[in-house]
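TrEMBL annotations:
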type     : residues : note
DOMAIN   : 11-77    : domain 'DUF1206'
TRANSMEM : 12-33    : transmembrane segment
TRANSMEM : 53-74    : transmembrane segment
TRANSMEM : 95-119   : transmembrane segment
DOMAIN   : 95-164   : domain 'DUF1206'
TRANSMEM : 139-160  : transmembrane segment
DOMAIN   : 190-258  : domain 'DUF1206'
TRANSMEM : 192-212  : transmembrane segment
TRANSMEM : 232-253  : transmembrane segment
Amino acid sequence: MDDKKEKLARFGIATKGFVYCLIGVLTTMAVIGAGGKKTGSSGALESIASMTFGQILLGITVLGLLGYVFWRMYQAFDDPENKGTDAKGLAQRTGYFLSGLFYGFLAFSAMEILMGSGSSGGGGSTKETVVAKLLDQSFGQYLVGALALVFFGKAIYQWYRAFSDKFKKKVKEAGLDQKARELMIKSGKIGYTARGVVIGIVGYMTLRAAITASSSQAGGTKDAFQFIQNEFGSFLLVIVAIGLFAYGVFMFLKARYRKMATV
C-alpha cells in the first residue's frame, strides 16, 4: 500500500471513530435531557448536517467513509494480513467485505443528506425494510432467523475481541508508550463490549421478527437503545452510550497507531 492509500485508510478508520463518538454523545445527551437524540449511524450523519458548517463537515465525513470502504475492500480482496483461503480466513475476509458494503451504504446515505434528498430515523427503518423483503420470500422466516444468528455471532465476536488475550497482544505489539497502550486497551475493551450489547439486541429483535413473521419487530441501533432504556433503565443506556464513545476513541487511536499491513 502506497503512502496516499495508507493515509486514506487511516482517515477512513478515524472517520468511523468520529461517527461512533457522535452516536455516544448524542444518545447520552438525549438520556440526560441535554438535547441530542437516541440514534444510530444514519441519524448521526443527519445531526452533522444540522451543525454549524455542517455541510462541509458532512462532505468530509463522506470522504472518510469512502476511505473506510476502501480499507475494508482492500482487506477483503488483497488480503494484506494473510488471512488465507481456509474456512476461517474466508469468513474473516467476507466480514471485511460486508463491513465495506455497510459503510458504502452509509456513505451513500450521507451523500443523499448532503444533497437534501435523504432522511433517516437512525437505521431502524432500513433494517425493517430488509427484514420485510426477506419475509416476502419463500422460507422468509428461516432467512430472517439466519440473519439473527449472524447478528448473534457478530455480538459474540465483539465480546471475544474485548476479553481475549489476542486483542491485548496486538496492542502491545504496536510499540506504543505505556499511556497510549493502556488507553487503547481500555477503550477497546469497553467499546467492543458495548458494541456487542447493541448488536446482540439487534439480533434479538431480528429473531423476534422471524418468529412472529412481522418486520415491525425488527430494528436497528436506535431501537436497541430504546429497548435498553425500556427494559433496563436510563442508567444502563448511558453506560452503553459511553461505551460506544469509547469505541470511537479506540478507532481514533487505531487510525493513529495501527500498522498497515502490505502485500
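Keep in mind that glycine also has a Cβ here, set from the backbone N, Cα and C atoms.
Keep in mind that TrEMBL annotations are predicted by a computer and have not been checked by a curator.
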Next on the checklist: Per DSSP, what is the helix/strand/coil residue tally across the domain 'DUF1206' (11-77)?
Outcome noted: 55 helix, 0 strand, 12 coil
Next on the checklist: Can you work out the mean pLDDT of the predicted model over the domain 'DUF1206' (190-258)?
Outcome noted: 94
Checklist outcome for this item: Per the Cβ filter (under 8 Å) with a sequence gap of at least 6 from its ends, the transmembrane segment (12-33) is approached by 39-41, 43-45, 47-48, 61, 63-71, 103, 191, 221, 225, 229, 234, 237-238, 241-252, 254-256, 258
